[in-house]
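Q: For reference, the structure I am asking about is given below.
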Amino acid sequence: MAHWRTPSRIFLVGPMGAGKSTVGRELANLLGLEFIDSDAAIEARTGVSIPWIFDIEGEAGFRAREAAVIDELTGRDGVVVATGGGAVTTPANRDLLGARGVVVYLYTPVSVQLQRTRHDTNRPLLQSDDPEARLQSLLAERDPLYREVADVVVETTGGRARSVARRIVEALQGQPS
């Protein structure tokens, strides 16, 4: 059996509350790669918060900034990148993610997303009267896009971040190189 080689670029996609940042850090640790959160990179580059960008520039302005960061981050080697939940809504992002690395979709049911995000005020798309309905709507819209771009799908329920990261490694080891 051939020795498995760690991919040099792993991109995590999935809805808010999937654990992309938490699991991404664990995965990077396990594989000896650098972890980068695309939302944190946007905030570092702009010097302002994601909610501020949404308030001032709207979602379209944020998506334009996100696309530039995704383009940059997907060109780096030795990284695990956690993308924002809506990154896949931009066709160019899907193309870059799929062409430049291995994409892992962290599938998470809405009930779990809601539990994980209910007290987080740093999520502009959840500032609604009915966050659960909003999450349902976003998942219905984005799940096909996550699946389209994903090389592997790993469910994030029923385990701590480290065990999810281990399941990702196992799933990646089963992928053709």
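Including glycine, each Cβ sits where the backbone N, Cα and C put it.
Below are the features I grabbed from Swiss-Prot:
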BINDING   GLY17, ALA18, GLY19, LYS20, SER21, THR22, ARG123, ARG160  ATP binding site
BINDING   SER21  Mg(2+) binding site
BINDING   ASP39, ARG63, GLY85, ARG142  substrate binding site
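I'm curious about the neighbourhood of these features; can you describe it?
A: Cβ neighbour count for SER21 (ATP binding site): 16 (other Cβ atoms within 10 Å of its Cβ, all protein chains included). When secondary structure is read from DSSP and collapsed to three states, SER21 (ATP binding site) falls in the helix class.
Residue density at ASP39 (substrate binding site): 22 other Cβ atoms are found within 10 A of its Cβ, drawing on all protein chains shown. Taken residue by residue with DSSP, ASP39 (substrate binding site) is part of a helix.
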Q: Give the distance between the Cα atoms of LYS20 (ATP binding site) and ASP39 (substrate binding site), rounded to the nearest whole Å.
A: 11
Q: Around GLY17 (ATP binding site), which of the listed binding-site residues (ASP39, ARG63, GLY85, ARG142) come within 10 Å, judging by Cα atoms?
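A: Near GLY17 (ATP binding site), where near means Cα within 10 Å, the binding-site residues are GLY85.
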Q: In whole Å, how far is ARG142 (substrate binding site) from GLY19 (ATP binding site) when you measure between their Cα atoms?
A: 16
